[in-house]
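Inspection log for the structure reproduced underneath, given as structure tokens.
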Amino acid sequence: MATYPSAKFMECLQYAAFKHRQQRRKDPQETPYVNHVINVSTILSVEACITDEGVLMAALLHDVVEDTDASFEDVEKLFGPDVCGLVREVTDDKSLEKQERKRLQIENAAKSSCRAKLIKLADKLDNLRDLQVNTPTGWTQERRDQYFVWAKKVVDNLRGTNANLELKLDEIFRQRGLL
């Protein structure tokens, strides 16, 4: 029996596309940013076999508060407290310096809920896959290498969440000589 996305999921996808409409990835092709959030949700559904619609919707929205004018209140009003709670868990505090945010991602990864950990794993997997083939505009090779090292530290604190995603991440880390 085929399953179909719910109307709420499609509204969420449309909202994410609208909010990220002016944003581009830092790759040389300047890929529309919305592709990333779609990839994260797709990784969870297809590769991690996640059927929890709240997780899949929060994956679509995982950067919406951090990177657009959307607020947690907007997310809760439109998509409910469950999705909003997950978005809150995976959102960095942009008022902090970048290095502090990165440190907190490592530290807080282990304390996250299992559902938030899934989103973080899929987010890292998509970012690392992109980084394997594209050096972001303005990044040095050293900065790129440092991102892989940092991402491994985050992933190490997310372990035990989803074997499929962890195997795919480990494959990337192995290729980079980090395992």
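Every residue, even glycine, has its Cβ placed from backbone N, Cα and C.
Here's what Swiss-Prot has on this protein:
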{"type": "DOMAIN", "residues": "33-128", "note": "domain 'HD'"}
{"type": "BINDING", "residues": "His36, His62, Asp63, Asp123", "note": "Mn(2+) binding site"}
{"type": "ACT_SITE", "residues": "Glu66", "note": "active site, nucleophile"}
{"type": "ACT_SITE", "residues": "Asp67", "note": "active site, nucleophile"}
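Sequence features annotated in Swiss-Prot and their locations in the structure.
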| residue | record | Cβ contacts under 8 Å, 6 or more apart |
| --- | --- | --- |
| His36 | Mn(2+) binding site | Arg25, Asp63, Asp126, Asn127, Asp130 |
| His62 | Mn(2+) binding site | Val37, Val40, Val87, Val90, Thr91, Ile119, Asp123 |
| Glu66 | active site, nucleophile | Thr91, Asp92, Lys94 |
| Asp67 | active site, nucleophile | His20, Gln23, Tyr33 |
Item to complete: For Asp123 (Mn(2+) binding site), list the number of other Cβ atoms lying within 10 Å of its Cβ atom.
Response: 22
Worksheet, complete the sentence: Secondary structure split (DSSP) over the domain 'HD' (33-128) reads 72 helix, 0 strand, 24 coil
Item to complete: Using the recorded Mn(2+) site (His36, His62, Asp63, Asp123) as reference, state which further residues of the same chain have their Cβ within 8 Å of the centre of those residues' Cβ atoms, listed in sequence order.
Response: Val37, Val40, Ala59, Val90, Ile119, Asp126
Item to complete: Grab the pLDDT values for the domain 'HD' (33-128) and give me their mean, rounded.
Response: 97
Discussion item. With every protein chain in view, what's the tally of Cβ atoms within 10 Å of the Cβ of Asp63 (Mn(2+) binding site), excluding that atom itself?
Written reply: 24
